[in-house]
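Engineer: My questions will all concern the structure given below.
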Amino acid sequence: MPLVKRNIDPRHLCHTALPRGIKNELECVTNISLANIIRQLSSLSKYAEDIFGELFNEAHSFSFRVNSLQERVDRLSVSVTQLDPKEEELSLQDITMRKAFRSSTIQDQQLFDRKTLPIPLQETYDVCEQPPPLNILTPYRDDGKEGLKFYTNPSYFFDLWKEKMLQDTEDKRKEKRKQKQKNLDRPHEPEKVPRAPHDRRREWQKLAQGPELAEDDADLLHKHIEVANGPASHYETRPQTYVDHMDGSYSLSALPFSQMSELLTRAEERVLVRPHEPPPPPPMHGAGDAKPTPTCISSATGLIENRPQSPAAGRTPVFVSPTPPPPPPPLPSALSTSSLRASMTSTPPPPVPPPPPPPATALQAPAVPPPPAPLQIAPGVLHPAPPPIAPPLVQPSPPVARAAPVCETVPVHPLPQGEVQGLPPPPPPPPLPPPGIRPSSPVAVAALAHPPSGLHPAPSTAPGPHAPLMPPSPPSQVLPASEPKRHPSTLPVISDARSVLLEAIRKGIQLRKVEEQREQEAKHERIENDVATILSRRIAVEYSDSEDDSEFDEVDWLE
């Protein structure tokens, strides 16, 4: 509805009741009408003064702004036209440190505030009736709301609009955050190859060469891809042979010796520089030699390499000798010739097989479940190592050897004196783990590293009357495998000064976090009844990707 700013009184000139006792009514009405006209003229003159006074104030402020702008233009024109760089030196610091001009535009808002209320409207407001004094009941309310707002609330509609605008702004910010997170979680799309333009001339040239010499469409597409993305990398095109399937059903260990030699000869002829020369014979190691270097065929390359086996490698190396192997050195009776031949020619077992019962010649633990099978390894593979230092919680025990493929020490009982005499004197031979476990299998490593608790490892003895059985060590002398080793703490004791410093640092971080949260909350509290600020805030959120006040995401690293 239209808002009447100025009301001219009286509105009706002749609408007056004549008093009784007046004889000349026409003269009375004329005088009343003239008086009302004079009152209207006085109201017009008063409002004219207000209107022209407002116009004068606006013109004065406008002239002041124009004069200040003219003075700035005059100063700039003088400095531009009359500046002589030879006489007056300009420092680069003055030019760079000077702030750029920034105009301050004051928007007209809060037009209906008490301070900006015009005088005619103030007079009209004063004429209105006062609302009931409901503010007297405000101190007696528990919710803290003003009692008069339940009767009349001029800011109700503005508060409703403000709440809706702020909620829309927050919803848009959350949607942007979700979209950004979705873009981060989405996998990177491959680059699309642009489609080659349709060239009829190339097609006619391809047909002109004949069907035999015409290039295939796949070759043309490959050329276009090379032009767009650069030359393709070189891929290995070697044939897939038995060497590529070491762990499958076509393992080298499952082949006869004649086929194995033929396959190795072909590999040498394809790889070596001098293919006609025979391969070098394997080094002959005696019973006392240590650290032999086996010939290893890698399943990843299919080539012959002379390098030691590494248990951490991802390949499955197979030990193959190009010539018939020499007679093996004397072994303990735990590894018989039949078990050695079975380990050289049989296929490797699956990764986690059920523990098979040990053979008749192998060791067995009486009155306990059968332990894992012993390790079946070719002669000369295990590297004897010096005995490690025994832990302080266990009584001194015989030296323990360490296997090269398995990076764990297995405490077992030493061999009898009769078996030790046939081995090199300086380091004792490596005792062999239970049968059926491969050194490269992770299950074997876990089994060797953590033997079953409550079970003692079986002593490695040879069947015969001259080999006495050693009694198992008492339980008090054996440390359980599941119990971790306890070492004295070597960390320095934190003094009171350091603890106070750490506490101060924590408090400082907490204070900084709380301070930044208060700054973020202050940003929300600054939004008062300012329409321009609310609208500009919403526009900034819609058309920008910044999330300055996004639920304190920037202080998560302090937690």
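Including glycine, each Cβ sits where the backbone N, Cα and C put it.
Source: prediction; values computed, not measured.
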Engineer: According to Swiss-Prot, asymmetric dimethylarginine sits on which of R11, R195, R202, R341?
Structural biologist: R341
Engineer: DSSP helix, strand and coil counts for the domain 'WH2' (497-514)?
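Structural biologist: Across the domain 'WH2' (497-514), DSSP assigns the residues as follows: 18 helix, 0 strand, 0 coil.
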Engineer: Check the domain 'WH2' (497-514) for me and report the mean pLDDT.
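Structural biologist: It averages 78.
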Engineer: Quick one: DSSP breakdown of the region 'Disordered' (170-202) into helix, strand and coil?
Structural biologist: 19 helix, 0 strand, 14 coil
